Amino acid sequence: MNGAEVWIVILALGAGTYLIRFSFLGLIGSRRLPEFVLRLLRYTPVALFPGIIAPLVLSPAATDGQFDPARGLAALFTLGVALVTRNMLAAIAAGAASLYTFLWLLG
Amino acid sequence: MGATTAKSAFGQGVLLGLPFILVIVPFGALFGVVATEAGLNLWATMGFSALVIAGAAQFTALSLMGEDAATWLVIVTALAVNLRMAMYSAALVPHLGAAPLGQRACAAYLLVDQTFAAASATYDQRPEMDLRAKLALFFGIATPIVPLWYVSSLAGALLGASIPEAWALDFALPLTFIAMLGPMLRTLAHVGAALVSIALSLAFAGLPAGVGLLLAGGAAMVTGALIETWSERRA
């Protein structure tokens with residue numbers, strides 16, 4: 001992606017995100033959203049993140065798309081810590097530590 | 001309700017915002033580092049953090065740009081990650097909806113996960129607060145959070161340029177997403193949505209970059225909402 005395209009993404013994403021934030025506060029007021037729409041909104045991050053993660057973990061660009069056991073194990077360990085602690089930063093820290101450990105052991 | 005009330009509400013807001021520094025600073029710095037590794041220059045990295053101020057969406061955009069997805073797909077997918085903020089916006093209407101347009105416009109810019117969580121919890125606990133106090137509280141909460149998001153992104157971007165490849169920072173992106181995902185998997189509906197998302201994104205891997213993710217995400221959203229509806233009926 002070239003510099004101009006990156007800025008198109010930044011500006012469109014910035015404007016779009018602002019409109020989402022401003023939507024009800026600024027424009028729509030107290031009109032109620034249908035229950036099913038609220039339900040769909042609740043699941044957007046959890047519906048998108050796993051789809052982003054799975055290909056990155058199974059075929060990392062750094063190993064030319066070949067599955068890498070060290071990275072795979074670190075991903076599993078990070079998920080375990082995230083599930084148990086429910087703490088994003090603890091999981092990132094544990095994930096980084098496990099990645100370096102597995103890279104060192106298996107690399 | 002004199003100026004003192006609003007002033008003390010602002011101070012209380014700042015205190016409520018302070019603990020989030022522990023989340024914002026490392027997360028913002030990580031974005032700066034990963035964005036720089038991905039080849040964004042300092043201005044683009046800061047453009048993201050100042051105009052989008054939404055870590056998850058910023059990381060989503062980075063990940064899709066890394067896969068050379070079409071520009072419109074990067075935008076649509078990252079915006080989908082931010083759709084939850086429409087719920088935040090709606091939930092604040094009873095509290096801030098009567099404020100002047102300019103103040104609502106400022107509050108909208110500052111409406112992030114952390115400011116929403118702290119403000120809405122306080123509004124629920126203290127129904128006696130008036131509009132001015134509620135606004136002051138909201139801006140107080142944002143005061144330690146949003147500026148530090150910029151500063152930590154900047155620090156990360158400056159640092160990122162000097163980190164050697166041996167650190168395997170390529171994998172910071174998926175690990176960050178996994179760490180964000182874990183705490184979200186609270187119910188069967190969330191787990192069901194996640195499994196559908198994984199299965200379909202892998203099944204659609206042959207489609208142009210980003211298309212499979214959007215289809216998988218749409219199907220997973222519907223799955224989550226349907227499981228929730230279904231488990232409520234059973235309960």
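Placed from the backbone N, Cα and C atoms, the Cβ positions cover glycine too.
The transmembrane segment annotation in TrEMBL covers B:14-35 (among others). Residues 44-45, 48-49, 55, 58-59, 62, 114-115, 118, 122, 137, 140-145, 148-160, 163, 169, 172-173, 176 of the same chain, all 6+ positions outside the transmembrane segment (B:14-35), place their C-beta atoms under 8 angstroms from a C-beta of that stretch.
What TrEMBL records for B:42-63 (among others) is transmembrane segment.
Among the features that TrEMBL reports, transmembrane segment is placed at B:69-87 (among others).
For B:135-152 (among others), the entry in TrEMBL reads transmembrane segment.
The transmembrane segment annotation in TrEMBL covers B:158-181 (among others). Here the transmembrane segment (B:158-181) has Cβ contacts under 8 Å with residues 29-30, 32-37, 42, 56, 59, 62-63, 66, 194 of the same chain, all six or more residues outside its ends.
The transmembrane segment annotation in TrEMBL covers B:188-207 (among others). Residues 181, 213, 215-217, 219-221, 223-225, 227-228, 231 of the same chain lie 6 or more positions beyond the ends of the transmembrane segment (B:188-207) yet place their CB under 8 Å from a CB of it.
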